Amino acid sequence: MSGTILENLSGRKLSILVSSLMLCQVVCFLMGGLFAPVPAGHQTVLGSKCRDVPGRQNDTSFFLYSRGNGACKSLQDIDIEQDELKMANQLVYVFQMPLPRDNNTLQYSRWQQNLIGVLQVDIAYDSASELREPPKELQLTIDTRLAYRNQKDADTDWKLYAHSVEQRYLDCHASHVGRLETLYTCDIIPLFELGALHHNFYLLNLRFPMDTPKQMNLQFGHMHDLTLTAIHQNGGFTQVWLVLKTLLFPFVIGIMMWFWRRVHILQRSPALLEYMLFYLGGALSFLNLPLELLTLGVEMPYMLLLSDVRQGIFYAMLLSFWLVFAGEHMLIQDSPSKSTIRSRYWKHLSAVVVGCISLFVFDICERGVQMRNPFYSIWTTPLGAKVAMSFIVLAGVSAAIYFLFLCFMVWKVFKDIGDKRTSLPSMSQARRLHYEGLIYRFKFLMLATLLCAGLTVAGFIMGQMAEGHWKWNENIEIQLTSAFLTGVYGMWNIYIFALIILYAPSHKQWPTMRHSDETTQSNENIVASAASEEIEFSNLPSDSNPSEISSLTSFTRKVAFD
């Protein structure tokens, strides 16, 4: 039996391979740490207050803007305070993005990929009012209009991107009690999310219509200030990220072709673990495919959803592989028959599939709708926010439970191997040294698997927290550095690359040696014969199994059988 490359590769060659892969891992960390900026940046834009033009309130082709030729005149707070109705139904809050810097006009780049807007609302009540605390879940109706223009367009050439009338709920607290009015600061609310940043300039017009019969926007006094935080992916980070993807993609494709060719050379059908390795490589290749390069030429508002789907497929395949990988090395099995997904792993994998489908449905409910209406958010209603938060907490808890279960499976594998090592002293020294080396290599690989799983779960939880950070308004100190992101991404590729190489079938054949010859060898030749001794178990039931890929598995199953 030839076994795998992990079992037959010499110690020197294995050391060179591991050292090379570790060097690649360091390079991935350094790419993020030295060459990439922070993954995301943001700008805080204070809304300019402009007087609406009578008769144009319902004209979605009309926009007010605060900079450039034909800009509206900003109103002062004193002008609004002196008006008896606080200029109700006459105000338009204008946000023009991006802001200039040092008198230089900045523009968005397609490398920045996406744009998220969250709104900070400050409201005011007359101090003469008996109201001291606004009611919780204060409903706010907003007429939102988002427009765009490009670098070569005129200052007046704004085009409608999206229009919607949205409801948001405010949770406010008093921040300043004055003689004339009391100011209240409200929690930030999600406003919009663009899956593609295809244009150079964006303009946001917000109106707060008041209607007595409909009881619209009558629960609070008047708007005091609006602050928009626009969050975007940094273009420099995107460039480093795509360079990493572009470099890794052909290597993974090449190693998959090499692996599958070696499997099909053998006179047997592929084993379950070999199928899982090939599928895992396919999921990683789909994730590595630098589709984001298409957004530089084509507007793809579905790119965020597509990225989530690709990452979800990879997570599902990776989590499933780890369960099968550990399970295939739990070497005391109820039946010596060939392992299949349906026979051994359907309970474990069904939980992974259900969890991934749940997250996919949750993602479709938000980002699927946002492709048509970027102002939609599941976080807007109190019930929706609780459901979304529950999904995130449940996903994090599930990931932690999965990691603990995987640790338990690996511990059982180690325990099984430890129990089987009691049979090693009865073997010849050459055979014992060979199997001790296999056990050491296997344990090292399993510990690397646990490390990879731990970092993956940590990255998943931190990613979910970062996504919800601006939405549930918690002061969570998170530092998702570029080095961590590129390092973990590189780790996935290097880990899977190593598994495909090490678990590829080895074509090295062990020359036959009669057992009687072993007893006549001198002590000086025993260790040297380890490289040429056939590992042969004539009474082992699994020897007749054409899908067996590991002589370590054969060894432990034989001891269990005996």
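Cβ from N, Cα, C; glycine included.
Keep in mind it's a predicted model, so treat the numbers as computed, not measured.
Summarising the annotation, Swiss-Prot assigns N-linked glycosylation site to Asn58, Asn103. For 1-15, 261-275, 333-344, 412-441, 504-562, the entry in Swiss-Prot reads topological domain 'Cytoplasmic', with the evidence type similarity to another entry. The topological domain 'Lumenal' feature in Swiss-Prot is assigned to 37-239, 297-311, 366-390, 463-482; the stated evidence is similarity to another entry. According to Swiss-Prot, the feature transmembrane segment maps to 16-36, 240-260, 276-296, 312-332, 345-365, 391-411, 442-462, 483-503.
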Tally of DSSP helical, extended and coil residues in the topological domain 'Cytoplasmic' (261-275): 9 helix, 0 strand, 6 coil
Positions whose Cβ lies under 8 angstroms from the topological domain 'Lumenal' (297-311), at least six residues beyond its ends: 113-114, 193-196, 198, 286-287, 289, 291, 360, 363-364, 367-368, 370-371, 374
Maximum Cβ pairs under 8 Å to the transmembrane segment (442-462) - stretch from the list 240-260, 276-296, 312-332: 312-332
Contacting positions for the topological domain 'Lumenal' (366-390) when only residues 6+ beyond its ends and CB under 8 Å are counted: 137, 144, 146, 161-162, 164, 166-169, 189-195, 301-302, 304-305, 308, 468, 471-472
Touch test for the transmembrane segment (240-260) and the transmembrane segment (312-332), at least 3 Cβ pairs under 8 Å: no
